[in-house]
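Take a look at the structure below.
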């Protein structure tokens with residue numbers, strides 16, 4: 001602000017003097033306190049001797065004292081949080097022993113806290129978009145630092161404990177099966193093969209897709225044909241072929257051959273863990289067990305689909321496996337012939353970037369979701385007529401919309417809701433599930449129609465088709481995801497029912513879901 005005349009300048013200078021005196025007084029007190037903590041016989045001037053600086057010695061003393069106090073404050077806060085974490089773990093163990101279940105306070109209750117939760121959801125969406133855009137350009141160094149540092153700020157608050165997340169009921173209904181660790185960056189998507197041998201596939205921001213043995217957790221094969229983040233993976237319904245979508249603006253079809261290792265005895269997940277190191281905070285070169293560098297690698301695709309002008313965010317096989325559909329940030333979905341890689345149709349109409357696409361398991365139907373808050377149903381059952389219906393049931397980005405085996409569509413959104421729709425009457429949802437966090441790529445079990453919701457807040461919740469909550473997967477400092485959960489996938493082969501989840505903590509997790517007990521609890 002301009003100052004007119006010498007008197008004004010003098011008055012302004014005079015007005016600053018009292019503040020300077022008070023500040024100097026408080027600094028002198030701090031200097032006295034910090035001096036008592038120095039070893040006897042060592043003066044501040046001796047400690048600063050030999051250091052090149054133009055600052056006066058007294059000012060440097062004050063600065064060092066202040067920084068020392070800041071360090072001690074942070075140290076005290078860190079110790080307090082460690083103690084709180086130990087107390088919460090102890091209380092959870094006692095509650096488990098007593099057969100009680102306590103659910104902590106909902107951080108989104110109250111007007112002010114609801115507003116803060118909404119801001120967090122918006123921040124998470126911005127970070128996810130920025131990250132996928134940057135990794136799509138092949139710049140692996142910068143984005144990887146982003147995932148460890150910046151993502152730690154928004155989603156890494158797990159070191160400040162949350163109250164009583166893992167309940168006795170959840171642990172009895174949902175047991176940890178296996179952890180799949182080997183990716184060097186966040187995992188966006190995962191899928192289970194539909195043919196023998198049954199393996200798990202994961203798609204990661206580290207530009208690779210990995211195939212895993214479900215029983216042993218061993219990495220069996222690595223696909224490294226993409227030049228950008230691998231955003232989705234889906235398996236052919238009858239052949240050993242995989243379809244991956246990438247930030248390099250292409251989708252790849254590639255063949256795989258794997259041999260399953262001998263099964264190993266299950267680990268004792270109830271035993272205490274001596275190493276509580278967060279797997280998402282490991283150095284980039286650290287890989288547990290059979291890492292990607294130690295397994296066979298496929299680098300050349302059988303077919304490359306490259307008609308999009310933006311990030312390809314998802315892809316899926318149409319029934320029969322002769323055609324595939326891709327969804328892109330160029331606001332279009334493309335339909336291709338698998339045998340010739342020829343572009344058959346371009347599906348346009350969305351006003352913003354697409355976020356997901358899904359095909360019906362038995363009919364030639366496609367559903368695409370978008371950031372424009374809508375999802376669209378495309379009907380290819382009649383070769384001469386390709387109809388489209390637009391659904392506007394959400395108020396924020398529709399992160400995914402999936403078909404069930406029957407006549408339902410389930411949609412999830414960043415508006416923290418999940419809606420169940422009837423294909424025969426899509427005017428309004430038949431059920432609405434309201435949650436406390438943005439919902440990512442959902443999945444529905446084929447046999448029991450149980451909806452698995454992965455959340456930005458690291459939780460995974462299970463609901464039935466009528467919107468009744470069935471369970472929440474256990475999560476603690478030793479179990480579950482430590483970052484945003486991106487996707488879920490079911491496997492109901494044989495007599496067991498397994499749910500797989502993946503997240504930005506670079507790991508996928510397999511869970512054994514006790515369906516009879518789950519439905520009995522309902």
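Heads up, the Cβ atoms here are built off N, Cα and C, so glycines get one too.
Annotated region 'Disordered' per TrEMBL: 1-48 (among others), in sequence order.
According to TrEMBL, the feature compositional bias 'Low complexity' maps to 1-15.
Residues or ranges marked as compositional bias 'Basic residues' by TrEMBL: 16-25.
Marked as region 'Disordered' by TrEMBL: 96-119 (among others).
Mean per-residue pLDDT, taken over the repeat 'WD' (180-222), amounts to 97. What TrEMBL records for 180-222 (among others) is repeat 'WD'.
The repeat 'WD' annotation in TrEMBL covers 223-254 (among others).
What TrEMBL lists as region 'Disordered' is 264-293 (among others).
What TrEMBL lists as compositional bias 'Acidic residues' is 273-291.
The repeat 'WD' annotation in TrEMBL covers 305-346 (among others).
Through the fold, the repeat 'WD' (347-388) approaches residues 310-311, 313-319, 325-335, 394-403, 405, 409, 411, 413, 415, 423, 426, 441, 446 of its own chain, all at least 6 residues removed from its boundaries and within a Cβ separation under 8 Å. Taken from TrEMBL, the feature repeat 'WD' covers 347-388 (among others).
As annotated by TrEMBL, repeat 'WD' applies to 391-431 (among others). Tertiary proximity for the repeat 'WD' (391-431) is limited to same-chain residues at least six positions away from its ends with a CB under 8 Å from its CB atoms, namely 121, 125, 355-356, 358-362, 365, 367-371, 373-377, 437-444, 446, 449, 451, 453, 463, 465-467.
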Fill in the blank from the handout: Grouping DSSP H, G, I as helix and E, B as strand, the residues of the repeat 'WD' (223-254) number 0 helix, 17 strand, 15 coil
Problem - Outside the repeat 'WD' (305-346), six or more residues from its ends: residues with CB under 8 Å to it - result: 132-133, 136, 189, 228, 231-232, 234-239, 241, 243-247, 249-253, 352-364, 366, 368, 370, 378, 380, 386
